[in-house]
Amino acid sequence: MSARWTTAVLDPQISGGWAVARGPDGFLVDDNGALFPRQWLKRQALDVLSEHGIGHFDGEPVFLLELRSAGEVAGCGWRGLRQFMLEGDFDTYKLLGYAAQIGTWAREHRFCGSCGQAMTQIHWERAMYCQHCDLRSYPRISPSMIVLVTRGDEILLARSPRFVTGVYSTLAGFAEPGESAEDCLVREVREEVAVEVKNIQYVGSQCWPFPHSMMLGFHAEYAGGEIVMQPDEIEDAQWFNVHALPPLPAGRSIARHLIDLYVARRLGLPEPVLPG
Ligand SMILES: NC(=O)c1ccc[n+]([C@@H]2O[C@H](COP(=O)([O-])OP(=O)(O)OC[C@H]3O[C@@H](n4cnc5c(N)ncnc54)[C@H](O)[C@@H]3O)[C@@H](O)[C@H]2O)c1
Ligand SMILES: [Mg+2]
Ligand SMILES: [Zn+2]
């Protein structure tokens, strides 16, 4: 949510408003962006799997058309969510990030995980419902810890084989059942680089809709151990001096914020603000 964008459960039976369409290649866009007059968009030959009322943008209702396949709409193209995260209006990115998470979840919860029968949308809360089991499934959110480990002027950064060439980032990993945030952080750092940490401090959080992570960001100090990289997960890990940093993650990511915040504090510069 943001100043311009708030989530809400809106009944698709009501008419009007804006709509976004999401297919396998991302969101439908034209020169004005990804928001289209809903009645116009629904007249296009789109292969709609489901429709969801997702919230308000500048006070106007917004709906998501989740598509089975990418079709052709004259004058329009497709744009992935990552592009919206990297550049352009952040409120629009927040709206589309939410739409993507709702679309993914609804697509993956069409059938009851308990009995296998078709589920239906309910319109007073964000849930899919199985009448047979009286079971509700809510949108999936996966808590992930992300941590900048520091040792004075040095910060510990690593590369996953999945990263853009040359980029180094903070360590991250998904929480497992039974863990606290701190347990998870200590385990992930141990698994990925075999380092021990102390003085864990919570910094802030960020929704990361790729596809449904909730990043909880921390700072921790080095407490011991030599770097041993986890095979397959970590391609390289090093201590970098704050004056000689490698290519870093995208400006709006919490990974980048954790790095920029520490460097600013170390160098006595103004502190950056985490994009909400
Ligand atoms: N916003 C940021 O700045 C930022 C930076 C780094 C990582 N991330 C995100 O943090 C998350 C975790 O990072 P990671 O990839 O290093 O995780 P990780 O170290 O836990 O390893 C990834 C592996 O975890 C497993 N996995 C996938 N989804 C899972 C889930 N929902 N629950 C449990 N295990 C799962 C898979 O085997 C996958 O290969 C990812 O979503 C990643 O995109 C965000
Ligand atoms: Mg990881
Ligand atoms: Zn069921």
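Each Cβ is built from the backbone N, Cα and C atoms, and glycine gets one as well.
Whatever TrEMBL says is automated annotation, not expert-curated.
What TrEMBL records for Arg82, Glu125, Tyr138, Gln206, Cys207, Trp208, Pro209, Phe210, Pro211, His212, Ser213, Ala255 is substrate binding site. Marked as Zn(2+) binding site by TrEMBL: Cys112, Cys115, Cys130, Cys133. Residues annotated as domain 'Nudix hydrolase' in TrEMBL: 139-262. Under the heading divalent metal cation 1 binding site, TrEMBL lists Ala172, Glu192, Glu233. What TrEMBL lists as motif 'Nudix box' is 173-194. The divalent metal cation 3 binding site annotation in TrEMBL covers Glu188, Glu192, Glu233. The divalent metal cation 2 binding site feature in TrEMBL is assigned to Glu188.
Separating the Cα atoms of Tyr138 (substrate binding site) and Glu192 (divalent metal cation 1 binding site) is a whole-number distance of 31 Å. For Ala172 (divalent metal cation 1 binding site), the number of other Cβ atoms no farther than 10 Å from its own Cβ, over all displayed protein chains, is 22. Working note on the binding-site residues Pro209, Pro211: by count of other C-beta atoms within 10 Å of each C-beta, Pro209 ranks first. Among the binding-site residues Cys112, Pro211, Ser213, the residues whose Cβ sits under 6 Å from any atom of ligand 1 are Ser213. Of all the binding-site residues listed here (Cys112, Cys130, Cys133, Glu188), Glu188 has the Cα closest to the Cα of Arg82 (substrate binding site).
Ranking the binding-site residues Cys112, Cys130, Pro211, Ser213 by Cα distance from Ala172 (divalent metal cation 1 binding site) puts Ser213 first. Listed in chain order, the extra residues whose Cβ falls within 8 Å of the Cβ center of the divalent metal cation 1 site residues Ala172, Glu192, Glu233 are Ala158, Ser160, Leu171, Gly173, Glu188, Glu191, Val193, Gln230, Ile234. Ranking the binding-site residues Cys115, Glu188, Cys207 by how many other Cβ atoms lie within 10 angstroms of each Cβ puts Cys115 at the bottom.
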